[in-house]
Amino acid sequence: MKFGWKQGVLMRCLLNIWGVMLFLRLSWVVGQAGIGQGILLILTTTVVTTITALSMSAISTNGVIKGGGTYYMISRSLGPEFGGSIGLIFSLANAVACAMYVVGFCESMQDLLRSFGLAIVDNGVHDVRIMGTITIIALLAIVVIGMEWEAKAQVGLLVILLVAIVDFIIGTFIGPKSDLEIAKGFVGYDAAVFAENFKPAYRTEGGVEHNFFSVFSIFFPAATGILAGANISGDLRDPQKAIPKGTLLAIVITTASYVIMALCAGATVLRDATGNATDVVNGTLEFVNCTEPCKFGLMNSFQVIELVSGFGPLIYAGCFAATLSSALASLVSAPKVFQALCKDELFPKIKWFARGYGKNEEPVRGYILTFFLAVAFILVGELNLIAPLISNFFLAAYMLINFSTFHASFAKSIGWRPTFKYYNMWLSLVGTILCVSVMFLISWATALLTFACVIALYLIVHYRKPDVNWGSSTQAQTYKNALMSVQQLNNVEEHVKNYRPQILVLSGLPSIRSILVDFGYLITKNVSLLVCGHIIQSVSNQKHRLYMQQKTKEWFDDHKMKAFYAHVDDECFETGCKALMQASGIGKLKPNVVMMGYKNDWKTVEAVALKQYFNVVHKAFDMYFAVCILRVNNGLDYSKVLGDELTRSIMNVPKGLQGSDSSADLLITAQKSAHGSCDSLSRNDSQVDEAKKNAHNANEIKKNTKNQSSSTSDLSMMGSPSLATNTVSILPDPSSGKMNASYNVSLTKKNEKKTLDDPSTLFKGPGGCELPQEILDELTVFTAKRKDAVIDVWWLYDDGGLTLLLPYIISTRRNWSSCKLRVFALANKKAELEFEQRSMASLLAKFRIDYSDLRLLPDITKKPQEETIKFFNDLLEEYKKAQDGISNEGGAQITESELLAVKDKTNRYLRLREYLHEYSMKSDLVVMTLPMPRKSIVSAPLYMAWLESMSHKMPPFLFVRGNQSSVLTFYS
């Protein structure tokens, strides 16, 4: 059943606002605060609720509103963190409010019984608990039956309520009907009484010294009913029209009624009265002050409204109607908001409450939970203790509703287009500040507790990172902030102190060369930009590109990396790299360092591929990039060893994303993209083939043991010990049409959590089998904790200081924080070695580079050993051009004249090889200045031979060359 704006919003808001406070506490508020401050107090609550209603109207008209009310609006506006936290608190507030209204009903019932001399137990708190429990059971029965019965009950209660209000106003004009009523303080309209009651007279009650805000905290729940209609947004026929119209009209009507009744009560009833008829003489109350306890009057009796009314039983009926209708509304609102929250699964272990029953998806389980919460607070039995607690919860909800509207307007989200135009961004901000201020003025302790709850719940949702995308204003603000920051960055002049190495890693598909990506992130983590460049050496359609973007992002998330992925389509590696270097980044947020893997197969690869690789280095220097080349012993390409999910998902493109390309074309694209950076590094193919064979054998075992729940086989990879594994199946052949088949992953549970602390969850072999520890150690060489590591820095030339800066950054990382930094440099003159060493030490001190050892190397011009020369000549044997003009098969050539022209440089690098073997063979990382290849003088094979000579069989080796821009400075 769907409701219109009158029955669904207006009526519910009226019933909820005209609650227990109208009949039981309004007169007390006038007695404490006086008529003047009492009306000010009412108008203050009206200001808060009106601004909130305007903000809520804007949100509710900015698109279709589903079930969930306040929670739905805040979560879709500010995001799941704020929505989840306030949704849970608001559900609790409504459950407590339900208890408050029931306790108010019980107090009124208790007074009625007391007037007849009746009691259940003690005519006190125990009676309230008994009656309250019975009442909440009856209310629960009504709402469980269905919303239609609840709606019919609300109509009847509203009629009774309206009659009771009219009865009170008529009674003020009729005046006291007996001396007893006069003795109880009801004297009729009197200017002297009005003047006396106009001023405040705050007193201490129950150990609380009341003031404006303490009274406000007790009265404020009277205004919280403005969300009653919005909370059942899923049951409204047209919530976009119903919520603004019904809520605002309800605020106008109820505010007017509260002000009128406050004026009537303040003008006709004394603050204190004994109730003793002997104090009345000739129809006039004659007493100076209360020498005995005064039980009547505005300050002492909560039954003033009944006393003044024309027919007392109607007031009791109205009070019952007001309290029960408000309790019903809260009992319905809390579960519906909580159900919407549970459906979104923002918090763990609560999805059980999301289930609905019947055609209207009634949250029966939520009703039962709310019932038990309400019973718990009903057992408190004191209205004045319950009311201040929920005031802050409701104010927190109002605060976020106002802030949602302000934030959505301030963020200037294109999607923020509410059809309700009578709101103002700054008015919503004022409403936010007003709500926060009132929260702390009511009770700073409760306000702090409320904020602590909101923050704690916010952090829980933020930490869990729910998989939701609601287009919130928080997302819009994130984009706006990022855009403004990038634009402002363009106005910042570059300074050496603000230099950051922003790296473009030519990684290809990141999962293929995860070691290279790990090393790049080791430098850029929390410092600067990291872009993984990928050159796809065939044409791919846009759907496939987007698919790869998404899968790569998931890979980054699994590996806890903050990086970007950029790829281009180009059959030529060289031009593809050039495109990446030219187009990556935006403004000043763009790479200034190109990092690439060392080309292990340079001696066997085609000359064209080697030339392209060599030219990329030249292109980078021409475009003023710094260049880094990373080498590890077994290469960077682990595609033949890993059964990586990213690679598998790229090769297993869903048909819906394939566009016009065939599956075979996409597979070829994926396979090329996995190896698209020309870093075709050698692995032990026989061992890899053996691993695949073992995986296939394991699959055969599975076929032969169909009736068994599991089977095991021994997988041996790369000479590792045998590993007992569960059934393994290798990837299906893409051409077989089974690309979307499910995979039986060895030793991996379906929802196994991936973590950096356990690399075996991140890296799997073919078919999902476990990898040997030695392979995992290689894959985590830059992410594992390093104890007493040594980084050797071979600072050979002044390139701006990048060769020093990068190792320093690495040494500050947590996993490398205990490492030692050793610096090696070349001595110019052997005779001045000690002086040069002191000068270098002074220079490093000025640069504030913390090092453990400094060594200057003499005799760099000394002739290399014959063994070293032979090693170098063997590298170039295939490339030397014979005198008869016959070239090698690959087409690359090295002439004797070329070797002669760079003989001194070659000898220098060979001497460096000898020094490296002497000092750095046992280091954990070697960083050396990259030789600068001069165009048209040094050929690609010769250049690679230099690098091979220095890095062959060395620990992880990084060649670095800055672009001559200073990255280190002496000055503060």
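Any Cβ shown, glycine's included, is placed from N, Cα and C.
These numbers come from a predicted model, not from an experiment.
Listed ranges 314-334, 503-523; the one TrEMBL annotates as transmembrane segment is 314-334. Sequence-distant contacts of the transmembrane segment (367-387), counting only residues of its own chain at least 6 positions beyond either end whose CB sits under 8 Å from a CB of the stretch, comprise 20, 24-25, 91-92, 94-96, 98-100, 102-104, 107, 125-126, 128-129, 132-133, 136-137, 140, 143-144, 206, 217-218, 220-221, 331, 334-335, 338, 353. Segment contact is absent for the transmembrane segment (426-459) and the transmembrane segment (314-334), given fewer than three CB pairs below 8 angstroms at sequence separation of 6 or more.
Outside the transmembrane segment (314-334) by six or more residues, the chain places 12, 15-16, 18-20, 22-24, 69, 91-92, 94-95, 97-98, 101-102, 104-105, 108-109, 112, 135-136, 139-140, 142-143, 147, 150, 153-154, 156-158, 160-161, 163-165, 167-168, 225, 227-228, 231-232, 305-306, 366-367, 370-371, 373-374 with a CB less than 8 A from a CB of the stretch. Same-chain neighbours of the transmembrane segment (9-28): 3, 100-101, 103-105, 107-108, 154-155, 157-158, 161, 164-165, 218-219, 221-226, 228-230, 232, 236, 242-243, 245-247, 249-251, 253-254, 257-258, 261-262, 265, 269, 298-299, 301-302, 304-306, 315, 318-319, 321-323, 325-326, 328-330, 383, counting only residues six or more beyond its ends whose CB sits under 8 Å from a CB of the stretch. Tallying C-beta pairs under 8 angstroms between the transmembrane segment (246-270) and each of 40-65, 212-234, 393-414 places 40-65 first. Here the transmembrane segment (86-110) sits against the transmembrane segment (393-414); at least 3 CB pairs are under 8 Å, leaving out pairs fewer than 6 apart in sequence. Counting residues 6+ beyond its ends, the transmembrane segment (212-234) has Cβ neighbours under 8 Å at 3, 5, 8-10, 12-22, 25-26, 29, 32-33, 37, 41-42, 44-46, 48-49, 52-53, 56, 60, 65-70, 72-73, 94, 97, 100, 147, 200, 202, 242-243, 246-247, 250-251, 254, 258, 326, 329, 332-333, 336-337, 340, 384, 387-388, 390-391, 394-395, 397, 438, 441-443 in the same chain. The recorded stretches the transmembrane segment (40-65) and the transmembrane segment (155-174) do not share 3+ CB pairs below 8 A when only pairs 6 or more apart in sequence are counted, and are therefore not in contact.
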